[in-house]
Amino acid sequence: MKSPAPSRPQKMALIPACIFLCFAALSVQAEETSVTPQPPDILLGPLFNDVQNAKLFPDQKTFADAVPNSDPLMILADYRMQQNQSGFDLRHFVNVNFTLPKEGEKYVPPEGQSLREHIDGLWPVLTRSTENTEKWDSLLPLPKPYVVPGGRFREVYYWDSYFTMLGLAESGHWDKVADMVANFAHEIDNYGHIPNGNRSYYLSRSQPPFFALMVELLAQHEGDAALKQYLPQMQKEYAYWMDGVENLQAGQQEKRVVKLQDGTLLNRYWDDRDTPRPESWVEDIATAKSNPNRPATEIYRDLRSAAASGWDFSSRWMDNPQQLNTLRTTSIVPVDLNSLMFKMEKILARASKAIGDNAMANQYETLANARQKGIEKYLWNDQQGWYADYDLKSHKVRNQLTAAALFPLYVNAAAKDRASKMATATKTHLLQPGGLNTTSVKSGQQWDAPNGWAPLQWVATEGLQNYGQKEVAMDISWHFLTNVQHTYDREKKLVEKYDVSTTGTGGGGGEYPLQDGFGWTNGVTLKMLDLICPKEQPCDNVPATRPLSESTTQPLKQKEAEPTP
């Protein structure tokens, strides 16, 4: 074995250790200064379990969002006293002791609105304000107004919000962008991280880390002042994602951090709890029971961690795409997450430089460079010719191509020759008449074929453009916009996901009905409208014919789903 080179390499190796120790202190400080609200399954114990198992409501999220009318301990005591009495009615007990969430009023757009006018009209409809909440409410208060996705999603969601904010910025609502960044900074200061959403039952996990990109977006309007203002919160979020790294040995994992055998540091998705999700209680219990060969707690953790990924659920996490109970999210190192961590490190370097701390900036650059090497070494499948996730159990890069493979291009972490191969793979395997497929596998899960999701369309479009692959990028935008326009023309709404095997149809699959609104679709649609139309002639609807200045590629024929990986 070679001895380590003296001097500079040893010194550089110390940098991450120093910075991680500082971050560990930040993480502890955040935990010590906040009181974590308890989720409803803990507050209500057996009552929560009994109500959810009784399936009193079509959507399990309904009772998770219900507000106790008095101290939960008193309600629970009353329940224990009454539950075995003759004639006890559980539904009546719930109606007396809880305030159920109200269904949002169905928005009816004015006649004759263009697509752009419809989206601009929706921003105030989707805006919420919860500076104060009821004492035992699962909803977490936020100091500023925020935009929700829509439908059953009555709270703000972490990674959704970035793509919503792109649209808000496109509409000139920089005040709303600033408010939402302030809200997420507030959550970092109070909870040590940004939860999945502002609900107590989401506090045990985060979502794809877009906060640094949100600050970077705000800096387009406010300049470096935004970077300087939110540097402390960006550092705290980084500490959350890297928590435990200082004690890791090669080949070990701790929470969200993975240390491979050669010392490479990467990240994975993780939820701190290993119980059924309150918002999907019955479904999770059924999934765990369907595979008696695995501990239920292991399945619960992997279900929760998949929710943390934003891809809940997908064949991407499963050994058998037709069986959800084979998912093992925590043993997979995701290419999209590590691309976002690379971007976070780059933005932290930029923000450190903005405050004049060049030494700290260099440390972040060192971390980003190390992660980029890790992405190229472990998250590139050379045999297939695309980026993919790394499997901690097989110690190999996985073979499946997913839309997550475009994230290294989105954050400018990809090697140029590999970006070219990604363009070919995308066009060959994922591009459909209605946009970009999430995967090429039909599993019945919502983050699989034939569904296409707005954030992935934008990541692919921007990522490919970053590397000069404009033709494929514009193909994706044009196909997806056509899908959105056709659906809007028919139904007068934008939806959460789309069937990309055709145009004009919303997506299916998953644990709940198709939702409309819809925050991230609105944001991406506005960005794409302004991408395909000349600035001197902005369009309010998708043009009937594709602009000749862009690619002249003909619409693709529908592809059959590819074999299960």
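Each residue's number is its place along the chain shown, starting with 1.
Backbone N, Cα and C define each Cβ position, glycine as well.
Residues or ranges marked as active site, proton donor/acceptor in Swiss-Prot (evidence: sequence analysis): D312 (among others). Remark: D312 (active site, proton donor/acceptor) has L303, A306, Q446, W447, G510, E511 as non-local neighbours, by Cβ distance under 8 Å and separation of at least 6 in sequence.
The active site, proton donor/acceptor annotation in Swiss-Prot covers E496 (among others).
In the three-state DSSP scheme, R205 (substrate binding site) falls into the coil class. Annotation for R205 (substrate binding site): same-chain Cβ neighbours under 8 Å, separated by at least 6 residues, are P195, N196, Y269, W270, D271, D272, R273, R304, S305, A307, A308. Residues or ranges marked as substrate binding site by Swiss-Prot on the basis of sequence analysis: R152, W159, D160, N196, R205, S206, Q207, R277, P278, E279, G310, E511.
Residues or ranges marked as region 'Disordered' in Swiss-Prot: 539-565.
The annotation signal peptide is assigned in Swiss-Prot to 1-30.
Separating the Cα atoms of D160 (substrate binding site) and E496 (active site, proton donor/acceptor) is a whole-number distance of 10 Å.
The binding residues for substrate are recorded as R152, W159, D160, N196, R205, S206, Q207, R277, P278, E279, G310, E511; their greatest pairwise CA distance is 21 Å. E496 (active site, proton donor/acceptor) falls within neither a helix nor a strand when secondary structure is assigned with DSSP, and so counts as coil.
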